[in-house]
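Quick notes on the structure that follows.
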Amino acid sequence: MSKKLASPLSFLPLYNLLSAVGWSYLLYLVISLYPKVGQPAFFYQTKNVATLVQCGAIIEIINSFLGVVRSPLLTTVAQVSSRLLVVLGIFQLLPNTSGVQSVVYISLLLAWSITEIVRYLYYFFMLVFKNGAPKILILLRYNLFWILYPTGVASELRIIYCALNAAESQYSLLYKRILIAAMLAYIPGFPMLFLHMVAQRKKVMKSLRSSFGKKLI
């Protein structure tokens, strides 16, 4: 039974495509603007764009809650909220901390943007095209995470850690403790997500090898 294809202009494919465009723009800024202005000027010129693009992921929580997608709600909330904490809780509320003004901000944007460009384009192709995503996109989706996931998480943790003292002095001890609790949540959260991707990769690579073998016969 063939899968039901969606129109490119229907909500879910369009959301994925626009999200890919948004992250592509951020990657373009890293490549084109950062070498010209450096840090911390680059952070101040791009933090609002990064916040806006990342906040678009709130729609993923809504989609999961309504059953529009099959992603588990708790997993989606955990993934999105950790990033929202960074863009809203640090970029917007604590913009003068050392983490976001350093090269760590660049490594964060590179890890986030490349990951999301590939992910959203993968979803778009899977929804719209009969043959699904191009093989190169599948390979990128299930191999880049080896480098990009640890890089992104390490960058997030560094940015949060550098904001701890400012969180207490500018807001309250409670806010500092919230940030610490968020950091501790990465201990079970990251291995769980990473191992899930490893398991998914194993299935996908096996399927690709099987498909490639059939074409040779």
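Using N, Cα and C of the backbone, Cβ positions are placed for all residues, glycine too.
Since we're looking at a predicted model, the values are computed, not measured.
Copied over from Swiss-Prot, here are the features:
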type	residues	note
TOPO_DOM	1-11	topological domain 'Cytoplasmic'
TRANSMEM	12-29	transmembrane segment
TOPO_DOM	30-47	topological domain 'Lumenal'
TRANSMEM	48-66	transmembrane segment
TOPO_DOM	67-76	topological domain 'Cytoplasmic'
TRANSMEM	77-94	transmembrane segment
TOPO_DOM	95-99	topological domain 'Lumenal'
TRANSMEM	100-117	transmembrane segment
TOPO_DOM	118-142	topological domain 'Cytoplasmic'
TRANSMEM	143-160	transmembrane segment
ACT_SITE	TYR149	active site
ACT_SITE	GLU156	active site
TOPO_DOM	161-178	topological domain 'Lumenal'
TRANSMEM	179-196	transmembrane segment
TOPO_DOM	197-217	topological domain 'Cytoplasmic'
MOTIF	214-217	motif 'Endoplasmic reticulum retention signal'
Contact ranking winner - 48-66, 77-94, 179-196 against the transmembrane segment (143-160), Cβ under 8 Å: 179-196
Rounded Cα separation (Å) that holds between GLU156 (active site) and TYR149 (active site): 11
For the active-site residues TYR149, GLU156, the one whose C-beta sees the most other C-beta atoms within 10 angstroms: GLU156
Summary of DSSP states over the topological domain 'Cytoplasmic' (67-76), given as helix, strand and coil counts: 4 helix, 0 strand, 6 coil
PLDDT averaged over every residue in the motif 'Endoplasmic reticulum retention signal' (214-217): 42
Sequence-remote partners of the topological domain 'Lumenal' (30-47) [C-beta within less than 8 Å, at least six residues beyond its ends]: 87, 91-92, 95, 100-103, 105-106, 109-110, 113
Summary of DSSP states over the topological domain 'Cytoplasmic' (118-142), given as helix, strand and coil counts: 18 helix, 0 strand, 7 coil
Chain residues outside the topological domain 'Cytoplasmic' (118-142) and at least six past its termini with a C-beta under 8 angstroms from it: 2-3, 5-8, 12-13, 16-17, 19-20, 23, 197, 200-201, 204-205, 208
In three-state DSSP terms, the structure that TYR149 (active site) belongs to: helix
Cβ-Cβ under 8 Å with the topological domain 'Cytoplasmic' (67-76): same-chain residues at least 6 beyond its ends: 12, 60-61, 193
